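If you look up TrEMBL, you'll see B:111, B:151, B:189, B:190, B:191, B:192, B:197, B:273, B:274 marked as ATP binding site. The annotation domain 'ATP-grasp' is assigned in TrEMBL to B:115-303.
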């Protein structure tokens, strides 16, 4: 099943045109592969500046996407905004394969099903429950303690679609805000006392499986601000997270790249928190940090190419997310120090408009000592404004 | 003079749309910079698959290029096909800066002026002479011995525009073939007994100068088939070549990236052979081999950004050119072994048609021992057909 040939006309289609598709597209180009992009916005999406094959339409319209898919050899995802049912229809009507497959995505698109899938595979997950009504809200608080998290079972990311609830009153309000009274499935999730948030990216196809080192994601207000690799935790925790990620990958029979996020609890347990069927912010550091990046292995995986090595190029890698600091036309300012730093690599996503907190760029620094590398990376990017 | 800000709308224009522009464009994209391309062909050029901003026209038409340049913030080159006079007009009429500048290019576009420029700067060059007629042909042979090289003073590359002449008879024929009787300046160049062909890429702008390691180019029939870095020659030869490259860079006051090719003679002399005002095949190995590649430093240099580090990422780097093996629609076959090799990196240029000997792709392998790395790189690419 391994592809041994790259025809010059091979075209990889992305559903979604943001920075994840953009960085994947750069790797597709490296292999001489053409890139087409389907966006739900008409213009100014990051990948739209990088290809003549740009189409706009609705992520809810099978017809729009079928038309697009017919012009591509393989379709892949960069977000979780299209339901697996629609993806199945697009694939079946266009005849173009989609990876990760709609069947894989169906097992993780809904947070409830995701947790059940991984639990069934013997992977520890954070305590959760489907919430139907006020009684469920109350019961969950009594069993697992307040505060806890309420999550819409679909579509949440970067803290959107999540609310922390402190008591029954705020829980009822959040349940309503998240669409619980309008038919949206809502799940409650216990707060876990964790010491670290970890992540592992895994690429897989018929040729094999490639597991990245276990990294730590540093979060502020549910937004990832930095990633450190390898994670500064005992190596047996790293290995445990990698093992669970492989197990999870097999549980959903994934082809492509999937990112798994974990909690390392105060009791030394590793719990699977979330998964994403695409390159992930936690893996941006692999562009320079690993021999083959998550984006390269994304492309390799969905095109049936042998997977590349996930080994680190240096003992320590720190990645700093550069979030929007202003609401203005995008402009990355005060980059001199970052660019002058040896082994530092700046990536700007090509978004036209900046908003406060929006993921606009990132900076990766390679070094020999993790603490020092992280410190330097923070220091040389401290004045950057976007 | 250093740029400290990257606005999202910054647009870099390439005159030429081949693989050198393509690999530079990938680095521009990494910085969030938009890429526009002007090609003398209407379609299917490598960069035309990578941007919505693609224009076609004539490299002889100032008007075509002025129109293009007006839409860009900075213009750069990927070939030597446009005369410095035309480039000056394009710059002056569009108001858009061009780097390397037409003034720099004017010093190297003509092989005779190039040699004089470097000689005047105290840089040893291969013995040469302007040839006007049969007597000159005869005299040069008598002074420097047969065979020698005849070169058209403009436009030659990869062995085109060069002929080896063995005696007066063949010299007269070559002189005519190269356009000597039609007004083309022809120079004769003595054959140098060299042990190695070396190359050094240098990036330079107002912020500083960045010199790559001295590498060896392995040539067959005037076509580069492999590059080894650092060059397997004594380190003082490497340093001498680097010194001369810096001197040459200053002699032409270059802003951008310039590649310099040298002969290491049997007497241990380093002679400057040729220069190219653009990324060069001899520097493709820097994509993974160096911290910042020649393409990244090309983009940085012409945009006034601080230059990146030229240090090698591993002690040994081998780059194999993958030349067309068939005349057919391009298709890179039998790539499995190359892709499976750790630290091996395949680059395919996205050309639609393959021709025997055409530069279609390359493969870079990083390792600890140069000889072994070269051997492995040759071995795992031996079956690739394009």
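One is the number of the first residue shown, and numbering goes on along the chain from there.
Here the Cβ of each residue, glycine as well, is placed from N, Cα and C on the backbone.
Neighbour density for residue B:189 (ATP binding site): within 10 A of its CB lie 20 other CB atoms from the protein chains shown. Other Cβ atoms within 10 Å of the Cβ of residue B:191 (ATP binding site) number 14 in total over all chains. Residue B:274 (ATP binding site) is surrounded by 19 other CB atoms, counting those within 10 A of its CB over all protein chains shown. Cβ-based crowding with a 10 Å cutoff singles out B:111 as the top-ranked of the binding-site residues B:111, B:197. The average pLDDT for the domain 'ATP-grasp' (B:115-303) in the predicted structure is 95. In three-state terms derived from DSSP, residue B:111 (ATP binding site) belongs to a helical segment.
In this structure, residue B:191 (ATP binding site) belongs to neither helix nor strand by DSSP; it is coil.
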